[in-house]
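According to TrEMBL, the features are:
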ACT_SITE  Lys33  active site, proton acceptor
MOD_RES   Lys33  N6-(pyridoxal phosphate)lysine
BINDING   Arg128, Met290  substrate binding site
DOMAIN    221-343  domain 'Alanine racemase C-terminal'
ACT_SITE  Tyr242  active site, proton acceptor
Amino acid sequence: MSTARLTINLHALASNWRALDAKSNVETGAVVKADAYGLGAGPVSAALAEEGVRKFFVAAAEEGLAVRQAVGPEPQIFVFSGFMDGDNGLHFADNLIPMINSPEQFKRLQQAMPDHPFGVQLDSGMNRLGLEPADWASLRSEIESLNPKAIISHLACSDEPDHPMNRRQLKTFRDMTDGVAAPRSLAATGGLLMGPEFHFDFCRPGVGLYGGMPFADAKPVVSVDLPVIQVRSVSVGETVGYGGYWVARRPSRIATVAAGYADGLHRAIGGGIDTFVGDQPCPVVGRISMDLITVDVTDLPEDPERLRILNGHQTVDDLAEAAGTIGYEILTSLGARYSRGYVE
Ligand SMILES: *Cc1c(COP(=O)(O)O)cnc(C)c1O
């Protein structure tokens, strides 16, 4: 193994989807935007379709084609960014369904493709995407007469179940949509975990499928193995890496592995992070470089050939915490240099 390797466990992915699906009595879709949070939209969508997922969600129409190829003609594929300026029938070939976000998008779609299926995204308080309440009020009857495929809104604070914003958005969404015939959805991973009031007709988790918080019971889906390039002995008082900020306090063995911040292992990941040989942790020491990480392997009985940095012991959220970010960003920044393997 000469390159760092990303292994995506599709059994764990499927098991996370089933576990989330079991938490509601409604349909559970899957968000596969940003190349399925960096893990590969094709294999991920195919595995989820096999589990029974019938509603997929991407951010931009361009992302939908790979999903369509993976899931076949039947499942619905919704596009969160809707029908953008410059979009046309080509972008929405393969029956991709735009989520209309503004009166302009609605008008544009009606002019370009009056018979094309669409959904609606409403703004219930996040102020990011979606029709404002006033725009919705004036378009509602026209839109309803055209049979939208879904009406959704998105929670801003669902990673904090007790945040008052959640109930405010719930009420706004209800006030805006009670009585519509179209299937409604408010919940991503966080909303799904907050209970039935938030479930409406279907839920649409993303990050929980991929092993990330706020789904605390998720199985880890990704592991990352780093090949060791070189191992050296370091004497007491010698330093390791840029800035010389790690100093050996005992005679040490230092392994240098082939991955770094250009591979999504952020430079900001400070101390407290380990790599592993099986269950045995070996601490990362010194600064993370662009392509290299240094690891204290003194306590191993023999020099390792590879070290694992993401596994069941140390999750994307552990790395995220060490880097001052969120698991979503760790997942989506696991770079293009890894060789990828799928456990099917
Ligand atoms: C990303 C996204 C989701 C999925 O969110 P997770 O927190 O990853 O479950 C659902 N709905 C919308 C509109 C999104 O942008």
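Here the Cβ of each residue, glycine as well, is placed from N, Cα and C on the backbone.
The recorded positions shown are Lys33, Arg128, Met290; of these, the one with its CA atom nearest the CA of Tyr242 (active site, proton acceptor) is Met290. In the domain 'Alanine racemase C-terminal' (221-343), helix, strand and coil residues by DSSP number 21 helix, 47 strand, 55 coil.
Along the domain 'Alanine racemase C-terminal' (221-343), the predicted structure has mean pLDDT 95. With all protein chains in the displayed structure included, the most crowded Cβ environment within 10 Å among the recorded positions Lys33, Arg128 is that of Lys33. Looking at Arg128 (substrate binding site) and Lys33 (active site, proton acceptor), their Cα atoms lie 17 Å from each other. The separation of Met290 (substrate binding site) from Lys33 (active site, proton acceptor), Cα to Cα, is 27 Å. On its own chain, Met290 (substrate binding site) has Gly260, Tyr261, Ala262 as residues at least 6 apart in sequence with a Cβ closer than 8 Å to its own Cβ.
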